[in-house]
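**Q** Before I ask anything, let me first share the structure, which is written out below as structure tokens.
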Amino acid sequence: MAYSQGGGKKKVCYYYDGDIGNYYYGQGHPMKPHRIRMTHNLLLNYGLYRKMEIYRPHKATAEEMTKYHSDEYIKFLRSIRPDNMSEYSKQMQRFNVGEDCPVFDGLFEFCQLSTGGSVAGAVKLNRQQTDMAVNWAGGLHHAKKSEASGFCYVNDIVLAILELLKYHQRVLYIDIDIHHGDGVEEAFYTTDRVMTVSFHKYGEYFPGTGDLRDIGAGKGKYYAVNFPMRDGIDDESYGQIFKPIISKVMEMYQPSAVVLQCGADSLSGDRLGCFNLTVKGHAKCVEVVKTFNLPLLMLGGGGYTIRNVARCWTYETAVALDCEIPNELPYNDYFEYFGPDFKLHISPSNMTNQNTPEYMEKIKQRLFENLRMLPHAPGVQMQAIPEDAVHEDSGDEDGEDPDKRISIRASDKRIACDEEFSDSEDEGEGGRRNVADHKKGAKKARIEEDKKETEDKKTDVKEEDKSKDNSGEKTDTKGTKSEQLSNP
């Protein structure tokens, strides 16, 4: 067994594809996949690659994606391109694609890579081949069953959790993005197999969901936990509620696997955010979750001041590895992004913390009351385990041409789009997601509408769906390889 016992160092698998940074949402759009390349390059130059196994994720197939998403929606994502948008105007409106979630070159391939890393990480954890799996390209928590939302198209988190549920009776999902993890909560709102815990800004803010009183429904009642926060929360206030709540959740729910969404838009100075966390304060959440010694899938998410996203996820990779790294940044391909101080850690701003101790304590106690309503560790009848999404031969990297592996490192050095640096650093009009779209967020009616179909897909883990249309995208053994990069 790969699992480490006690508080010792953990085995960490890390998923990254060198092409991920080449995808471009468009000029002026705050979501920049380039930040994942920056993160990767920074952690390479800190030498962290020596301490973990690095894999290139397989491209998730349409068949994998329809384990949760509707066939029509995934077919649309496969078909839509910038040059044929006029043919799909009705579908674009239906699937909420166009403004916040634009059509860009390689859109479906981007979704395949993001999802592939998260699902492959879940499979590694299921096989007990690692203690922790990291996919900074994942964590796209707003995507719905048949709808894009909040810069997210395919919900890699839901798909990874469905994979974990094949082997784990109970999975805990924790979300520290500044935005409510609405897509994940919605997917599991009526089941006790998954508990969702979200710490987020609430109010006139995207997606407009995540009220304290949203606690789940049916079998899932009390299995959705929401901590609504106000502007300006700092490290001290966040730390005072995060550890007690997660500790109580662990005590009452007793999950056997954890998924942690590490959205970095909760950092101080984020282009779309309004919290005041430092990198250390954000990473404290990783430290807390890690102490419970459970299989852990760490994912990315939001984060729109990209120099700070790279700082944060690099440091959190080091935390996962129990590795101390210096505050002085090593020289890297994107060194100029980190000026003028060229340091790893950031300072909080002087913004007012509107989260008073009284408010935080009141919310904490309300959540404790809800958690006391849970039966200790609900029993689940486990069924025959279906086939893994990533096949056994996907770990065989030795057959891959070494030059092909090395070329991924070289591809990291491609020049970013001209607008990548300047767009991310000015505040501009990037807040459109939080103002114009918050009204679209409260769509709970969809839960009841899709309840039966969704429940069938997520709770019936007896076998894979054999009735799916054979004309869908096939899983190619080569295409689904999760190749380890021996020369990162």
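Heads up, the Cβ atoms here are built off N, Cα and C, so glycines get one too.
Below, the features straight out of Swiss-Prot:
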BINDING   Gly28, Lys32, Arg271  1D-myo-inositol 1,4,5,6-tetrakisphosphate binding site
BINDING   Phe188, Thr191, Val194, Tyr223  Ca(2+) 2 binding site
COMPBIAS  402-417  compositional bias 'Basic and acidic residues'
COMPBIAS  429-481  compositional bias 'Basic and acidic residues'
CROSSLNK  Lys75  SUMO2 cross-link
CROSSLNK  Lys439  SUMO2 cross-link
CROSSLNK  Lys452  SUMO2 cross-link
CROSSLNK  Lys458  SUMO2 cross-link
CROSSLNK  Lys462  SUMO2 cross-link
CROSSLNK  Lys478  SUMO2 cross-link
CROSSLNK  Lys481  SUMO2 cross-link
MOD_RES   Ser394  phosphoserine
MOD_RES   Ser407  phosphoserine
MOD_RES   Ser422  phosphoserine
MOD_RES   Ser424  phosphoserine
REGION    9-322  region 'Histone deacetylase'
REGION    389-488  region 'Disordered'
**Q** Across all protein chains in the structure, which of the recorded positions Lys32, Lys75 has the highest Cβ count within 10 Å?
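**A** By the 10 Å Cβ neighbour count, Lys32 comes out on top.
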**Q** Whole-number Å only: compute the distance from the Cα of Lys32 (1D-myo-inositol 1,4,5,6-tetrakisphosphate binding site) to the Cα of Val194 (Ca(2+) 2 binding site).
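**A** That comes out at 30 Å between the alpha carbons.
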**Q** Rounded to an integer, what is the Cα-Cα distance in Å between Tyr223 (Ca(2+) 2 binding site) and Arg271 (1D-myo-inositol 1,4,5,6-tetrakisphosphate binding site)?
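**A** About 32 Å separates the two Cα atoms.
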**Q** Nearest to Thr191 (Ca(2+) 2 binding site) by Cα, among Gly28, Lys75, Arg271 (recorded positions)?
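**A** Result for Thr191 (Ca(2+) 2 binding site): the nearest of the recorded positions is Lys75.
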**Q** Using C-alpha positions only, work out which of the binding-site residues Gly28, Phe188, Val194, Arg271 is nearest to Lys75 (SUMO2 cross-link).
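**A** In terms of Cα distance, Lys75 (SUMO2 cross-link) lies closest to Phe188.
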**Q** Specify the secondary structure state of Lys75 (SUMO2 cross-link) as given by DSSP, simplified to three classes.
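**A** DSSP assigns Lys75 (SUMO2 cross-link) to helix.
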**Q** Could you tell me which of these binding-site residues, Gly28, Phe188, Thr191, Val194, Tyr223, has the fewest other Cβ atoms within 10 Å of its Cβ?
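**A** Among the binding-site residues Gly28, Phe188, Thr191, Val194, Tyr223, the sparsest Cβ neighbourhood within 10 Å belongs to Gly28.
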**Q** How many Å lie between the Cα of Arg271 (1D-myo-inositol 1,4,5,6-tetrakisphosphate binding site) and the Cα of Phe188 (Ca(2+) 2 binding site)?
**A** 30
**Q** Taking just the CA atoms, what is the gap between Gly28 (1D-myo-inositol 1,4,5,6-tetrakisphosphate binding site) and Phe188 (Ca(2+) 2 binding site) in Å?
**A** 34
**Q** Specify the count of other C-beta atoms within 10 Å of the C-beta of Arg271 (1D-myo-inositol 1,4,5,6-tetrakisphosphate binding site).
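**A** So the number of other Cβ atoms within 10 Å of Arg271 (1D-myo-inositol 1,4,5,6-tetrakisphosphate binding site) is 19.
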**Q** Could you tell me which three-state DSSP class Val194 (Ca(2+) 2 binding site) falls into?
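**A** DSSP assigns Val194 (Ca(2+) 2 binding site) to strand.
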